[in-house]
Amino acid sequence: MDCTESMAPYIESAKNNIRAIFEEIVTSEKSDIRLAFVEYRDHPPEDTTFVTRVHNFTNSVDEMKNWLDVCQADGGGDTPEAVADGLHQV
């Protein structure tokens, strides 16, 4: 997920949609599934917090909710976001 400041107006909606999708999957008959979550921002010097932050695969709804709770839109600048780095982590 793009966690740069430009996502501030949209990040809560995105997180709520991810929660709803995850809960729907977990409560379905095909609940033997694990999901991971990758946050990405900008490369330094535009952002110094992290480029990517990986949350490894889990089937725990509570763990996934915790990841989303701490995910915030912050930082970034005029350089491209680290989308490819985020995809590479998966």
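Keep in mind that glycine also has a Cβ here, set from the backbone N, Cα and C atoms.
What TrEMBL annotates here:
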type   : residues : note
DOMAIN : 1-88     : domain 'Hemicentin-1-like von Willebrand factor A'
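Shown for the domain 'Hemicentin-1-like von Willebrand factor A' (1-88): DSSP residue counts in helix, strand and coil, namely 36 helix, 16 strand, 36 coil. Across the residues of the domain 'Hemicentin-1-like von Willebrand factor A' (1-88), the predicted structure has a mean pLDDT of 85.
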